[in-house]
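What follows is one structure encoded as structure tokens, with my remarks underneath.
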Amino acid sequence: MITNKKPRSSDTDSIYMRDDRTEMSEDDDRSPSPNSITDDSSQTRTYTTGSGPGPGPGSSSVLEYLPPCPDQVLENVLENVLWFLTSRKDRNAASLVCRSWYRVEALTRSDLFIGNCYAVSPKRATSRFTRIRSVTLKGRPRFADFNLMPPNWGAHLAPWVSAMALTYPWLEKVHLKRMSVTDDDLALLAESFSGFKELVLVCCDGFGTSGLAIVASRCRQLKVLDLIESEVSDDDVDWISYFPDTGTCLESLIFDCVECPIDFDALERLVANSPSLKKLRLNRHVSMGQLHRLMVQAPRLTHLGTGSFSPSEDVAQGEQGPDYVSAFAACKSIVCLSGFREIIPDYLPAINPVCANLTSLNFSYANVSAEHLKPIISNCHKLQIFWVLDSICDEGLQAVAATCKELRELRVFPFEAREDIEGPVSEVGLQAVSEGCRKLQSILYFCQRMTNAAVVAMSKNCPDLVVFRLCIMGRHRPDHVTGEPMDEGFGAIVMNCKKLTRLAVSGLLTDRAFAYIGKYGKIVRTLSVAFAGDSDMGLKYVLEGCPRLQKLEIRDSPFGDAALLSGLHHYYNMRFLWMSACNLSNQGCQQIAQALPRLVVEVIKHEDNLDMDENVDTLYMYRSLEGPRDDVPRFVSIL
């Protein structure tokens, strides 16, 4: 978030010194590198002696040393210090100290992070920060991933890339998340930044293979092209073939989310011509036989996404296929494995040679059983990150707990996200993980059954938890053993896990659970709530008790206008609030808009209910320096 703090004017600065600083600043801005700041602290003044008014016969010029102004010396020192300040939080704090710090912090910032593309305008951002090399920009809120936001809501990249093209000719990196990106945006990006090196698109949409082809052909210094969970349209363009044939700088190429086929021959040439390639994640159209050929070309890979993990169709029946075990054995540097789409579990033993060195393993697309998992996981003693489907059952999680003592992050996704089934994982698997993986810091766990006892045990066994997201599928499900609400389990998490910053709650919860969160969740920054709570008091406890809360996501809960109004004191400090299918009225939302004019209050209607009635389908509120946006679709009303 960019702080809109006006620098204080300094009446004590002489005109001479103001002119000198301005001149220095302009010189610096013309410099091609933000790391080379002109330091002209020693100055001279020229005066003449003799009868004439200027140089000539009978006159002489004398140079007198003029000591630098203390303010300028301090700014030069501050510039050199701030180059080493990388934390966004620390930099934001530094910019608030005084006028000089405000100016110097902006001049020395090379990485720009904007958590909400509507919180500040491109013009304001590019005017203040003039020497940016890396931009991270986020658009739609996270609940958009669950089809809770109508399509075409906004978050367009176009105004941002246009502004950056004019201001940041040396831009090297762009990271986008949940943004709407067009092929024209990608073309402008590729044309405007001659030294562009890194493009990461996470959960983005609106572009296709034509735009990727432009990036591949024009960004000759490209090192990273990562397409993660994005929607890429098929324009019948073999975008892989547009990379240079003579050699590339590629270090990372991720396209496992691209659903259209690729030209494998072009991909094989690209891998062969990319000696620095370390990360490669393939889509499901790349078979195991083709994977084998790529691994032979690139034994130096550290991160590999396998694509389809099933045998090649071009291998005749009875004919011996490629030696996959030897191929993996040759890739001694692999520490991260993912992919395994359309998997045939009998081929899993091929990865055994690399298991001992793995720190990250992603089976979130692999429908494997505990029987298939156990021989693999028993070799993964260094594993720190593990994503998996619940098809491994509690038995598979027990095997993980027995081996993976260094595990830091676990995500268990549902193979079938249904409420009417018992589900293959439960409190048994959760408790086993908590007892065996004591260094766990982050967990996402989908299940249909849970108990307070298992959650309490996790809070005690894993006190270093920073992220705890328990998603009990099925509405208002209690402790399936005692029939009690899940209040005590979540209460134990916020009480015992002192480092917790992100929490997602579900199951049968009363206002007591939210009282625990308000009382003990003092550093919680992100809270997600689904199908929970008794009354407005639940939300009041949170809004009045969690001073560091930045992001609050609520769906299908009984909170109404009174609960919403209880947070008036805190909304300016939050990045956003999302409430859908709650008990909000248009009048209550209007009160918020009137009380907090710098807060943008969007009321979102479903396409089949565009008439403005008293009930609010979805409320999305966020702070902004610019006021209401100018690209509002017809199903959004800004109050």
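Including glycine, each Cβ sits where the backbone N, Cα and C put it.
Feature annotations, courtesy of TrEMBL:
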REGION    1-64  region 'Disordered'
COMPBIAS  8-24  compositional bias 'Basic and acidic residues'
COMPBIAS  32-49  compositional bias 'Polar residues'
DOMAIN    71-110  domain 'COI1 F-box'
DOMAIN    131-176  domain 'Transport inhibitor response 1'
In DSSP terms, the domain 'Transport inhibitor response 1' (131-176) comprises 15 helix, 10 strand, 21 coil
Secondary structure of the domain 'COI1 F-box' (71-110) by DSSP, residue by residue, totals 30 helix, 0 strand, 10 coil
Taken over the domain 'COI1 F-box' (71-110), the predicted model's pLDDT averages 76
